[in-house]
Structures are given as structure tokens and as C-alpha cells.
């Protein structure tokens with residue numbers, strides 16, 4: 001249980017009193033009122049809340065001893081941290097020849113009991129003598145440490161200031177050196193904690209929160225500090241409730257129910273609780289009863305309270321996060337807690353009480369009606385299951401404190417002892433072997449050294465600032481669901497020096513949302529851009545109205561969309577080199593150029609093979625050059641467009657592809673001449689036109705003229721027209737001219753050449769495939785025409801993607817030429833596929849038609865060679881020439897004067913005379 005409002009907030013009290021020596025009877029007298037003591041040359045007075053309730057305080061009339069109840073396990077553990085460090089210092093020889101002792105009294109979390117304890121320690125054997133000054137007052141107890149509650153610390157500090165003493169707590173008012181000039185603490189002031197909480201709320205966007213604080217020095221001081229910090233962090237209060245720490249249970253329950261009703265009725269989903277753990281427990285019980293969930297912000301008073309984290313139904317209250325002082329575990333201290341004994345030479349009744357609660361066999365306390373001497377039900381949970389099997393509970397030990405509590409919370413008390421030890425080391429002039437200073441010194445001298453002390457403890461440098469506070473920070477604690485209880489997870493830090501919240505764990509699962517999205521707590525939703533807030537009663541509550549003021553003109557290069565209240569630069573859109581699609585296009589173009597280089601090498605190496613001769617190596621090389629230029633034009637489509645790139649991309653494609661298509665047209669014209677259906681005279685006249693270099697030059701020259709006129713009268717440019725008013729994207733792309741006439745004529749001219757080539761090849765489609773490329777020509781030209789016919793509507797309807805569409809069309813049509821014209825020839829050349837000669841083809845044709853020769857060559861069917869639709873000598877020579885056959889092969893083939901080569905199915909010709917379609921070939 002955590003009985004402190006400000007856990008681990010420590011009291012360092014320097015006493016300047018009359019000269020009093022603690023005699024042996026004084027120690028015994030101290031033992032009657034103080035629960036733990038150990039003798040020493042210099043003694044420290046501990047005032048610690050080992051219990052957190054004074055019995056029947058409301059009925060107290062006579063000034064008798066206080067009786068306390070409700071053993072505070074966590075406060076007990078932190079007191080052991082201070083005692084442990086005293087034993088370590090004594091064993092380490094930090095003060096050679098000087099032994100530190102202590103007296104520990106229980107404040108029971110009540111200021112009146114604390115005053116009685118302080119008075120008792122000050123009056124051991126003698127009472128302080130009232131005097132005008134205490135400059136030479138030399139008591140046995142030189143300092144006080146403890147007073148964890150702010151209310152207790154403030155009350156005790158007012159008393160001790162009369163005697164020039166110092167105390168410590170986290171209340172902001174105790175930093176006032178006018179009223180508390182000798183006040184020191186090993187924790188930061190609550191003003192830093194409230195600033196950290198306000199920044200935490202701002203970090204998560206919570207601007208509408210409720211706050212419940214305790215009616216006491218700590219609660220009121222922290223609340224006032226939070227009000228100032230909340231305004232700076234744009235956080236507003238939905239409500240504020242004060243909860244008194246009443247000793248009357250029915251009266252306290254009324255306040256709890258009233259606060260609970262306020263929480264339930266409010267729209268605020270985040271609640272800050274500045275309360276003691278026992279009040280938080282009472283409030284959460286009411287929340288569980290009413291099935292109310294919220295996001296709770298804890299102060300360090302209960303941020304690691306086992307009393308709250310292990311209560312039944314804690315998972316039903318919602319999310320919990322908060323702050324605690326920066327701390328860490330110590331294995332040596334954990335080992336001390338596991339083997340717990342009183343300091344040698346001293347006594348500790350608090351340890352005995354704990355061991356009785358833990359190990360004493362009290363089965364009657366678990367009955368339906370337990371006897372009066374039994375502890376409350378929450379303390380019965382401490383009981384060991386093996387308690388009734390142990391003989392002497394005072395000799396028993398286990399790891400319960402280490403496993404059940406967060407022992408790192410004792411760090412501040414341990415640091416306080418070391419701060420005093422290092423100040424004493426300076427004051428007593430200690431070296432490695434002895435301390436030469438006076439032991440019976442007046443406490444104000446220790447105060448002077450304490451202000452200047454700076455030391456390192458567990459890899460952390462510690463010192464007091466001008467207000468007597470330690471300069472450190474806070475850990476951000478998340479209450480993680482752990483079965484039916486909660487465990488503590490550190491998810492971030494708040495550094496006092498830079499005043500920033502830093503999360504080290506981002507993805508925590510929130511109970512209220514069921515995922516990693518933080519819940520919302522706002523009075524009003526955020527206004528959309530372009531609207532203006534109309535504040536209602538507080539700054540966080542408003543309505544959103546359209547921004548009706550006349551818009552101002554944005555500066556050059558910037559724009560504002562509808563509803564915006566600011567201007568931003570438009571971002572440029574084009575085919576960037578780093579984008580996936582441009583990378584794909586560039587890769588495809590580069591691969592195409594490499595593929596053409598490989599094809600060119602294959603053609604040159606196998607230029608004497610029949611497949612290459614039929615493909616016309618020289619024409620093919622010209623085609624490869626044209627296709628390479630076309631691939632290179634695709635690269636000009638990438639990057640930020642300029643006028644030069646716009647012209648280059650179109651000119652390179654126009655000239656390169658025209659050069660390629662002109663060569664294909666020459667090939668188609670050659671096959672067309674071979675199978676002319678005209679007379680011999682017409683055939684000879686057309687054959688005179690077959691001059692490949694001249695044809696390619698003339699066709700390409702016409703495209704040059706078209707492009708030249710296009711560049712002069714309607715050249716491409718980078719589009720400068722303004723984008724749509726409701727978009728921030730500025731599209732940069734080339735425009736093919738103001739009228740698109742030049743661009744259309746250029747594409748139309750290539751399309752016309754492709755169409756003519758397709759028609760010529762189609763007319764020659766019956767040429768035996770051994771001598772013809774008409775099939776490849778037909779397919780490639782159809783592919784080109786199909787691609788560019790599809791390009792036109794896509795380009796018109798999808799204006800923004802026009803550049804990518806053009807580049808893609810160029811790639812598809814160019815790869816179509818490669819796959820149709822070059823790869824088959826490369827395959828034949830590399831595989832060395834045997835090409836049949838003309839004689840072989842004729843002989844095979846004769847063998848297929850031998851059965852019907854008689855019917856086919858009826859005398860009445862003799863056809864004059866002058867009237868036949870056969871090849872002319874010129875046409876035959878063309879075929880033989882393109883097929884790679886020599887004149888010797890031609891002479892060998894002339895053994896047959898007239899051969900009927902039937903192009904139809906021989907079987908069908910034998911059945912139906914009317915379907916016999918033969919071509920008489922004169923060799």
C-alpha cells in the first residue's frame with residue numbers, strides 16, 4: 001500500500017536546538033514512542049508514516065499517546081531503504097571512525113502525530129530551552145528525514161523553522177525560501193509534476209479533463225500549480241472536485257458518491273486524481289459499482305500503489321497512466337529485504353509487526369466474524385500460506401516484499417541518506433582513514449555543506465538547486481493489464497531541464513479503444529480547415545463556422561484550396577526517375593537497346609546463313625538502328641520536362657520508327673512483286689520501282705520534312721496552363737503543340753506506312769513460308785496499328801497520364817517489331833535449322849499430286865505460258881534472289897519445264913475438279 005501523497009518525498013531536517021545529550025534512559029524513552037532505533041555517534045531522526053490511520057482521532061480530547069492502524073507496506077519498505085543505506089555507509093567506511101545511528105517514529109500519516117513524534121525526539125532526556133538564539137545548539141539528533149506527506153511536512157517545517165531545521169516534501173509552497181529557508185528534498189517540486197501532466201495531456205490531445213484533489217496541503221498546492229500549467233498547454237477543466245480525507249466512513253462515502261456522480265455526468269473522458277491511495281481505492285470501488293470507465297491520470301502519490309493496482313475489479317475502471325519519480329531497482333537492496341533483520345545493536349518493532357502479519361498463525365482472523373485484534377481484510381492478504389507451519393515468525397524471511405512491491409520506489413529515501421553522508425564527510429573533514437572534524441557540531445554547519453553537496457549515486461549525479469530540490473525528472477508509468485490486476489510499465493520520461501515528454505513505448509493497447517489508438521477527451525471536435533472557432537464559455541468549447549472573410553491572394557507559386565486558411569506551394573507531378581513506373585519504363589527501354597545490340601551481333605556473325613540472307617542483313621541493320629533510336633526516345637520521357645526534351649522525344653521516335661517501318665515496307669513490296677497477279681509487262685514496270693535504298697531514303701525524308709514544319713509552326717512546349725482550382729497537384733508535361741496538327745500528321749504518316757505495308761504483305765500471304773516473311777509483317781503492322789489506335793482515345797480521355805501512355809505505346813510497338821522480325825531469324829540461325837531448297841519443295845509437291853496428275857493435265861486444260869498467272873522470269877528471279885539460291889541452284893532446278901504446284905489440298909482436288917487451283921511455274 002502507498003500511504004503517502006508524495007511517495008518517496010523525503011524530509012531532511014537540520015536541528016539547531018539547545019545542547020542536549022541523549023543518555024541511555026533517553027534512548028529507552030525514545031523506544032517507547034519510536035518503533036526503530038540504532039545507536040551512533042551522529043543520529044538521524046526518521047519521521048515515517050508506517051501506518052496510514054490514527055485511531056479515533058475525531059474523539060481525541062486528552063493529550064495521550066496516539067494509536068495507529070492499517071500497516072502501510074510500501075511506506076514500511078521505503079523506510080527500510082533509508083535504514084539499509086545507513087548500514088551500508090557504516091560498513092563502507094565513508095566516515096572512518098564515525099558511526100551513523102537513527103531514531104524512527106511513526107507519523108501515522110497525520111500531522112498531529114508527526115508533531116508529537118518530533119517533540120519526543122527533541123526532548124529526549126531534556127526539553128529544548130527557549131532562547132533568543134540557537135547558534136551554538138548541539139543536539140544528539142542532528143537531522144530529520146521523512147515526513148512523506150506534504151501536509152505533514154508543511155506542519156513539521158513550521159515548527160522546525162523556529163530552530164532552523166529543514167524538511168522535505170513535494171509541495172510547491174515548500175520551495176519558498178522566505179518561509180522555509182532550510183527546506184531540502186530529494187525529489188522535484190510538484191510544480192514540475194503538474195507541468196509534466198499538462199504536457200502529457202497536450203501530447204495526447206486531451207483538452208477537456210476533470211480533476212479531483214484532496215483537501216490538504218498537497219492537493220491544494222498541486223491543483224493551483226496545475227491550473228497555471230493547464231492554461232499554457234491549452235487544457236480546460238470540465239469540473240474540479242475536492243475530496244476531504246475524513247476519518248468518518250459514512251461522511252467520506254457521501255463525498256465519494258458525490259464526486260462519482262460528477263464524473264459520470266461529465267463528458268470529460270480523462271480525470272486527474274491528486275489523492276492518497278486509500279482515497280483512490282474508495283473512488284474506484286464506486287466506479288466499479290456504477291460500471292464507469294475513464295482514462296485516469298495518476299500523480300506520483302499513487303502511480304505505483306499496490307493497494308490500488310491489486311484491488312478487485314481494477315480492470316473495470318479503464319486506462320490508467322501517470323508519473324512517478326525516476327527510479328530503478330537495486331539487487332543489493334532486494335537481497336536485504338529478502339533477509340530482513342533489525343540493525344545489529346538496535347531494534348525495529350516495525351519489522352516485528354510486518355513479520356507477525358506475514359508469518360504469525362492467526363486462522364481466527366479468516367473467519368466470518370474475526371476478533372478485534374485481527375488486521376483489516378486487505379492486510380490479511382499479506383499472510384503467508386505457510387504461516388501456521390512456522391514456529392517463530394520473527395526468524396522467518398521470504399521474498400514477499402520484493403515480489404509484491406516495486407522496490408525501486410525506495411530510491412529517493414536511499415539518496416537522501418547518501419546526501420547527508422557526503423555533507424557530513426565534508427563537514428567532518430574525513431579522509432580514507434579518519435574524520436578530524438568535531439562530532440558535536442551545531443546543525444546549521446551541516447546545512448551549509450548540504451547546500452553545496454554534489455555526488456554520484458548509482459551512476460547518477462545528484463545535487464540540490466537554489467530551491468533545495470533535486471534536479472531529476474519523472475518516469476511515465478502505464479498500468480498494464482496483468483490478469484485480474486495491473487502491473488507497471490515504464491513507457492516514457494519527462495526531463496525537467498528541457499520540459500519535454502518523450503515516449504519510449506509508442507504502441508500500448510488502450511482498454512477504452514481496444515487498440516493502440518489513444519482515446520479522445522475534447523469539449524469540441526477540431527474545426528476543419530477553412531472554418532473559424534466561435535468560443536463558448538471556455539476556450540476549449542466552441543462551434544465551427546465557415547470562414548466568411550474575403551480571401552487574400554496567395555503569393556506566387558502557392559495556392560489555397562477551398563476551406564483552407566493558409567497557402568501552400570503546389571507540388572509538381574511528372575515522371576520522376578525515382579518513381580516505380582518510370583523506373584519500369586526506363587528498365588524496359590534499356591533492356592530493349594541491349595537486346596538490339598545482341599541481335600545485331602548475331603546477324604553479323606551469321607550473315608551468310610540462309611535465314612539471314614532471306615532477312616536482308618543490310619535492311620535489318622537499318623531497322624535495328626531505327627528501333628534503338630525509338631527506345632532511346634522513351635528515356636527522354638523521364639524527368640522534369642523541358643522544351644528541348646519535349647522536342648527530342650518526338651523527333652527521335654518519329655525518325656527512328658519511320659526508318660524501321662520504311663524497311664519493313666520495302667520487304668513487303670518485294671514479296672508483293674514476287675507474286676504479282678498482273679501481266680508480264682506490268683510486272684516489269686513495277687519491278688523497276690524496287691530500289692530499297694531509294695525507297696527508305698525518300699520515305700524517311702518525307703518524315704523529316706513533316707517534323708521540320710511541325711517544329712517551325714507548332715512546336716511542342718511544356719504545359720503552363722493553371723491546374724484545377726481544387727487541386728494542389730501541378731502537372732508538368734509536354735504539349736505536342738497548340739493545335740496538335742503536326743503531331744497528328746507525324747503519327748498519321750507512320751500509320752499510313754504501316755497500313756501500306758500490311759496491305760502489300762496481305763496480298764502476298766500465299767507465298768510459301770519457306771521464302772516469305774509476310775506473316776511476320778502482317779502481325780507486326782497489325783500490332784502497331786492496334787496500339788496506336790487504342791492510344792488516341794486513352795490519350796484524350798486521360799490527360800494527366802498522357803506522358804506515361806505515350807512512352808508505353810512506343811515500347812509495345814517497338815518490342816512488337818523485335819519479336820516478329822528478329823527473334824525468329826536469330827532462333828533459326830542459332831539452331832541451324834535446315835532450309836529446304838526450291839527443288840526439294842517442287843519434288844515434294846509433285847509427289848503429293850502424282851495420283852491426280854492425269855486429271856489435272858487434261859489436253860483441254862493446257863494453259864499457254866503467255867496467259868498464265870504464274871511467276872514471270874523476273875518474279876522467279878526475285879524469289880530465288882531473296883531466298884539465297886545461286887544461279888547454279890537455278891540451273892539445277894530447270895530440269896522440269898512445267899510443274900503444277902497446287903496450292904489447295906490435293907485430296908480435295910482429286911474429288912472436285914472445279915476446286916483445282918494450280919499455278920504453272922516456268923523454271
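Using the three backbone atoms N, Cα and C, a Cβ is placed for every residue, glycine included.
TrEMBL: automatically predicted annotations, no manual curation.
Remember, it's a predicted structure, so these values are computed and weren't measured experimentally.
Range with TrEMBL annotation transmembrane segment, chosen from 560-582, 583-605, 836-858, is 583-605.
Transmembrane segment is the annotation TrEMBL gives to one range among 802-824, 871-893, 894-916, and that range is 802-824. Ranked by number of Cβ pairs under 8 Å to the transmembrane segment (802-824), the listed stretches 583-605, 617-640, 774-796 are led by 774-796. At the 8 Å Cβ cutoff, the transmembrane segment (774-796) and the transmembrane segment (617-640) share fewer than 3 close pairs (sequence separation 6 or more) and do not count as touching.
Outside the transmembrane segment (740-762) by six or more residues, the chain places 650, 654, 657-658, 661-662, 664-665, 668-669, 671-672, 699, 702-703, 706-707, 709-711, 713-716, 774-775, 777-778, 781-782, 784-785, 788 with a CB less than 8 A from a CB of the stretch. Over the domain 'G-protein coupled receptors family 3 profile' (581-832), the average per-residue pLDDT in this prediction is 83.
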